[in-house]
Amino acid sequence: MAGPSLRPHVHWAQRHRELFLRVDLSDVRNPDITITDNVLHFRAQGHGAKGDNIYEFEIEFLEPVEPKPVCRMTQRQLNITVQKKESNWWERLTKQEKRPLFLAPDFDRWLDESDAEMELKEKEEEKINKMKIESRVPKDPFKHLKKGYLIMYNLVQFLGFSWIFVNMTVRLFILGKDSFYDTFHTISDMMYFCQTLALMEIMNSLIGLVRSPVLPSVMQIFGRNFVLFVILGSLEEMQSKPVVFFIFYFWSISELFRYPYYMLSCIGIEWKPLTWLRYTVWIPLYPLGGLAEAVCIVQSIPIFSETGKFSLGLPNPLNVTIQFPFVLQIYLIALFLGVFVNFRHLYKQRKQHLGPKKRKMK
């Protein structure tokens with residue numbers, strides 16, 4: 001059988017518009033807090049000065065208050081906020097002149113009337129200054145147009161890379177390894193379209209349409225386009241090699257999560273599983289994609305050496321020929337440096353979006 005109810009220690013403070021009550025009960029269960037006829041009724045079970053028990057009290061306020069208190073529980077205490085009906089300073093909390101024994105000032109939040117007026121004035125000034133700043137910021141008349149463009153761009157890219165991924169996957173299941181050798185001839189047109197359209201991402205960063213650094217976009221897009229247009233597009237001997245399958249497959253998988261993530265971000269929606277995939281899938285795919293591109297370049301060097309394609313002969317008196325295979329060897333070094341730079345950038349983004357959140361100070 002439960003013991004008699006007890007009164008907990010209650011601490012209070014006020015502002016011109018609010019009353020703050022702090023009830024010293026831990027592990028509060030089943031709180032019942034109501035305001036009827038300007039009287040606050042409190043009843044709850046919790047651990048207080050008399051151990052784990054049922055605690056209750058009543059407070060008849062000095063002046064009228066709103067009938068809906070706001071309650072916030074923590075493991076160590078229970079906080080109640082009550083709104084005054086009129087903004088003014090009370091000389092005491094209760095209607096009865098003698099203060100109840102269980103009630104005491106909350107010195108952690110206590111302010112006298114002059115200090116409270118200063119605090120209220122500072123809040124009003126802060127609110128006015130914020131409104132002034134917001135009024136000075138010009139409204140962008142093309143905001144919705146820009147958002148619509150970004151949504152459409154990301155949607156088109158998502159559909160394009162989805163088509164590539166699904167087409168390659170179906171062909172792999174049906175044809176097996178034989179699908180490796182004609183990947184370029186069946187997929188290249190759509191890949192040309194998607195990678196050409198991707199140049200818009202550099203422009204979007206340059207004009208400030210999206211808040212992303214320009215350098216990582218330039219390195220990734222120009223790197224992919226160099227492999228696609230210069231290496232694969234110009235050498236028929238390279239188009240039937242199995243490495244093309246892996247390059248296109250790694251590219252398409254990574255974009256299946258990136259573009260939907262950006263598309264939803266444009267309309268203020270965050271889907272946590274998609275966010276995790278967008279900032280996690282790249283960890284294996286990005287190095288594998290860079291490795292596949294490097295293999296493609298290495299395989300193309302003997303062909304460029306034999307054909308002399310893109311090699312540049314300078315006129316006399318220099319009489320020097322810049323061999324394109326030598327340029328590719330230099331590019332290989334730049335490729336691995338670019339992979340390292342972009343890897344660091346993507347890792348920082350992952351920590352920013354998926355890292356542990358800092359706890360706010362109370």
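Here the Cβ of each residue, glycine as well, is placed from N, Cα and C on the backbone.
The feature domain 'CS' is assigned by TrEMBL to 5-94.
Residues 179, 183, 186-187, 190-191, 193-194, 197-198, 200, 204, 209-210, 245, 248-249, 251-253, 255-256, 259-260, 262-263, 266-267 of the same chain lie 6 or more positions beyond the ends of the transmembrane segment (149-170) yet place their CB under 8 Å from a CB of it. Annotation source TrEMBL lists transmembrane segment at 149-170 (among others).
The transmembrane segment annotation in TrEMBL covers 241-261 (among others).
Under the heading transmembrane segment, TrEMBL lists 281-304 (among others).
Marked as transmembrane segment by TrEMBL: 324-343 (among others).
If one looks beyond the transmembrane segment (241-261) by at least 6 residues along the same chain, the residues whose Cβ comes under 8 Å of a Cβ in the stretch are 154-155, 157-158, 161-162, 164-165, 168, 177, 179-181, 183-184, 187, 191, 194, 224, 227, 232, 274-275, 277-278, 281-282, 285-286, 288-289, 292-293, 295-296, 299. Counting residue by residue with DSSP, the domain 'CS' (5-94) contains 0 helix, 57 strand, 33 coil. Mean pLDDT for the domain 'CS' (5-94) in the predicted structure: 91.
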